[in-house]
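What follows is one structure encoded as structure tokens, with my remarks underneath.
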Amino acid sequence: MTMPPLTLYLAAPRGFCAGVDRAIKIVEMALEKWGAPVYVRHEIVHNKFVVDRLRDMGAVFVEELDEAPTDRPVIFSAHGVPKAIPAEAERRNMVYVDATCPLVSKVHLEAERHHENGLQMIMIGHAGHPETVGTMGQLPEGEVLLVETVEDVAGLEVRDPERLAYITQTTLSIDDTAAIVAALRERFPAIAIPRKEDICYATTNRQGAVKAIAGRIDALLVIGAPNSSNSKRLVEVGRAAGCRVAQLVQRATDIDWEALQGATAVGVAAGASAPEVLVDEVIAAFRARFDTTVEAVETVKERVEFKVPRILREPAETP
């Protein structure tokens, strides 16, 4: 039987960023150093495939610190945690490893610096997302105001419009954030801006890669988890760039083939916590149904690497 022809455009960069790669290594190295179980507060990264693999290796995922026993190591997820969490771990004499992405930690330090200078913070982010919760939790209650949309800016009640600074979640839509920043600067001309863009290089690059293929494709598949902020933003970027069909899928089994009927060119992108093995799985699913040509479209090369914490590079103490 002759299969219909189809071109798959693979957006690059895609998949693991340096922060995700580091966080996964931290769990693997902790298991190697201390043995199982090692506890992880919240999913280390937002990807079921990754979490399930680490669980099989002996990681135990919990949502709150008090679910972890005091005599086993605990790891904080890549998204970051409020200051109260490591303080509580220290109070309980727990061994803990902070897997917060260094680019998220940079935003935390920025917030603290502005706070020390007497500025009230405005955070652009998604309510309830672990990264937003962690960043807002670096400062005392009420010191960080959250905005999610341009409309939110008009309703902000600030202490002093002359003493403000803004920070952002690292995984936002670049275009949406630019609109919110413009609204903030219009309403509060004196607002202090970040020294360097808070939205991370990987988020920026993956959104740019989707825009680069959008004009060539009939549909877009983004491989990522439904609770992954950066993956959901890729779907939105694709739609905004004119992709009539844009699906978020965790695995090849999630693909809505009916929605792809008549498509001859499909784009494939992957969120920052999606492993390349899932991309390969999607390509194989297309090859089973179409005479598939695969074309990689790379917009930039990524060479960022982050070191794991010193505690994991030191040998385990012998009793």
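Here the Cβ of each residue, glycine as well, is placed from N, Cα and C on the backbone.
Swiss-Prot annotates H46, H79, H129, S228, S229, N230 as isopentenyl diphosphate-binding residues; of S173, S273, the candidate listed for that same site is S273. Annotated pair T170 ((2E)-4-hydroxy-3-methylbut-2-enyl diphosphate binding site) and E131 (active site, proton donor), C-alpha to C-alpha distance, rounded: 8 Å. Of all Cβ atoms in the shown protein chains, 28 besides its own fall within 10 Å of the Cβ of H46 (isopentenyl diphosphate binding site).
Between the binding-site residues T170, S228, S229, N230, S273, S273 has the most other Cβ atoms inside 10 Å of its own Cβ, all protein chains included.
Of all the binding-site residues given, namely H79, H129, the one with the smallest number of surrounding CB atoms inside 10 A is H129. Taking the C-alpha positions, the distance from N230 (isopentenyl diphosphate binding site) to C101 ([4Fe-4S] cluster binding site) comes to 14 Å.
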